[in-house]
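Asker: Feature list, courtesy of TrEMBL:
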TRANSMEM  B:30-52  transmembrane segment
TRANSMEM  B:58-78  transmembrane segment
TRANSMEM  B:85-108  transmembrane segment
TRANSMEM  B:128-151  transmembrane segment
TRANSMEM  B:217-250  transmembrane segment
TRANSMEM  B:262-279  transmembrane segment
Amino acid sequence: MSATLTILLRTAIFILVALALCGLIFQAAGYSALDMFASILDGAFLRKGGLSQCLRWALPLFITATGVVLSFRCGFFNIGAQGQFYMGAIAATAMASWLNGMPVAVLVPVSILSGMAGGALWALWPGILRFRWGTDEVITTLMGNFIAGLILVYVTTGPLKDPSGSGQQSSSKPLAAAYRISNSMGLSPTIIAISLVVGIGMWLLINRTAFGVLGGLAGRNPEMLRWQGARMWKFGLASFMVSGALAGLAGAIEVFGPNGRLVGGFLPTHGFTAVLIALVANLSITGTAVAALFFGGLASAALYLPIMAGLPSAAIDIINAAIALFITAKSRMIDRMFSARGKTP
Amino acid sequence: MIDFIVAVLRSGTPLVYVALAGMIAQRAGLWHLGLEGIMIIGCCATIIGIVLTGSYALAILIACVLCILASMLLWFVIEKLKANPIIAGLGLTGFGVGGTALAAQSIFGSQAAVTAPFGAPRLGDSFGAFASLSIFVAAMPAVVALLWVLLRRTRFGLQLAACGEHPFAARSLGIDPERIRLFALCVGGVLCAIGGAELASGSLQIFAQNMTAGRGFMGFAAVVFGAAHPVWTALAALFFSLVGAIGIRAQILFGDAVPHDLLLALPYLATVLGVWISGRLRGGAKGANGFSELRDY
């Protein structure tokens, strides 16, 4: 049996194990696991308009996840997608409020580009610490997530605050309707086009360029690449910046698309889910597209559960976390069951 | 001044316990990023235990058992299923944060914070200014000393370190690294349970969703900063909470001149700084070298 099929089966089996564990937790917490899974399935895919909602959540996740794929392929645990996502959203909003009144054709592209720049810069400092001084990127990018979250709260209650805003949630001034790239449903040709461009571009970068292929080698065997004289920091910094820029792009899209403004503490699990998507997809771009649809469905179910089914939305976080717990597992038993029999290497 | 020391001890003690848990795992050769999740399970189990059983000792026992179970799950996934420790640890963290939110909601029917009628036993009036601190604060130096003796002065401690530094050599001497790591994670589970109990019931007697707010990761950073040495790790954890307390003090002194949320970011910045310094001193951290690093299977 081919290697791809083995990987697919292994992924499917461990996702089932994770779901079984979640079922146990739901039962223990006093909910019916069957009801829970039925409502999640309903909220994610089956209900009326469910697929378009699923796509709405899947596209930003897909964009962030492609960036994560690149940096993981290069062998760097950039788990700071959340912080880069926030900084992208902040930079895009700041640029938009600075340019307010300019024509749409200027403001929107410039703001989205500055969002990408914001995300890339937020990924740059852990990268520099990593390659200049060997500071471990896992901790720095994680701490960067917390710091960016606090900066977001500061910005939405301070400099970018909406003075007329009321209620508990702090937010920036809403963007003028003309500047937005989608309505509140969050699905528009512009967003789909951006996602397609990102997806195809990243596929080409990873599979059809020297950078992508060498980057993949850098992740699998950094020693070899170093002996051959490649400069690791080049691959590292580039992968950090590209993944940061893509997370920033997703943040800018959330601001200019469905949200229409910057909200304090919005989508707190976006980055983690993107990391998860990259891993479920086994670090391939086509796989990322499929996995993004699955997790996009779960994300839309997280909104559906408390309102329509009266169940807590924490259920979705638990499912995501359980999948994360098992997704990198490699069971020798499963490998032996499905790997090529007879032919010995 | 004495108020300030009390504040540092109060906010630092949970961090020290959690950092010690990460330190044992680190010495045994595991990057323990599930600390945050196990700690919040400890917080939640303590408060719910107090409310349901009415006894503090029982509540701590429940917290310890649940934290050990979570640690064993992490051990199984990492050692038996050969999952990546970093991703599995992050998964366990999400599991703990989501699971405790679900548990609190299903038992008390609301998303609001859960309050317990009483908290950890306090030191009492004979300690003067420190009377309001819990017994876990007083026990902390003893725990650090005990762990130092265990890890640096016993045969077992050396075996544990060998499993972290060169598992292959350890195995050739008949030591089973997997079993030693299971022990390390379970002891860590108890320490996380105590850290969580101190955070939830040491001064506030409350459980709120996501109340650990990155303390587990900070504890892990203290392990890196403190080079996985019991005393240095504890001091690093206290240093991070000292920076946090300075931030709060600065807020009282300067009022609104400095934005409140940016002062809250100080401990996280201190963490980054600490990891950076330890990278400079010791030439970078080992461990996270990508997915296909040659591992001892």
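Including glycine, each Cβ sits where the backbone N, Cα and C put it.
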Asker: Same chain only, please: residues at least 6 beyond the ends of the transmembrane segment (B:262-279) with a C-beta under 8 Å from a C-beta of the stretch. Say none if there are none.
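Answerer: Contacts of the transmembrane segment (B:262-279) (Cβ under 8 Å, skipping residues fewer than 6 from its ends): 214, 217-218, 221-222, 224-225, 227, 236, 239-241, 243-244, 246-248, 250-251, 285.
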Asker: Is it the case that the transmembrane segment (B:217-250) and the transmembrane segment (B:30-52) have 3 or more CB pairs under 8 Å, with pairs at least 6 apart in sequence?
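Answerer: As far as Cβ distances go (cut-off 8 Å, pairs 6 or more apart), the transmembrane segment (B:217-250) and the transmembrane segment (B:30-52) touch.
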Asker: Give the one range among B:30-52, B:85-108, B:128-151 whose Cβ atoms make the most pairs under 8 Å with those of the transmembrane segment (B:58-78).
Answerer: B:30-52
Asker: The transmembrane segment (B:128-151): which same-chain residues, six or more beyond its ends, come within Cβ distance under 8 Å?
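Answerer: Tertiary neighbours of the transmembrane segment (B:128-151) are 2-3, 6, 9-10, 13, 16-17, 20, 23-24, 27, 119-122, 157, 160-161, 191, 194, 197-198, 201-203, 230-231, 234.
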Asker: Checking distant contacts: for the transmembrane segment (B:30-52), what same-chain residues at least six beyond its ends satisfy Cβ-Cβ under 8 A?
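Answerer: Sequence-distant neighbours of the transmembrane segment (B:30-52): 14, 18, 21-22, 58-64, 66-67, 70-71, 74, 78, 85-86, 88-97, 99-100, 103-104, 107, 114-119, 164, 181, 184-185, 188-189, 192-197, 199-201, 205-207, 210-212, 214-217, 219-220, 223, 287-288.
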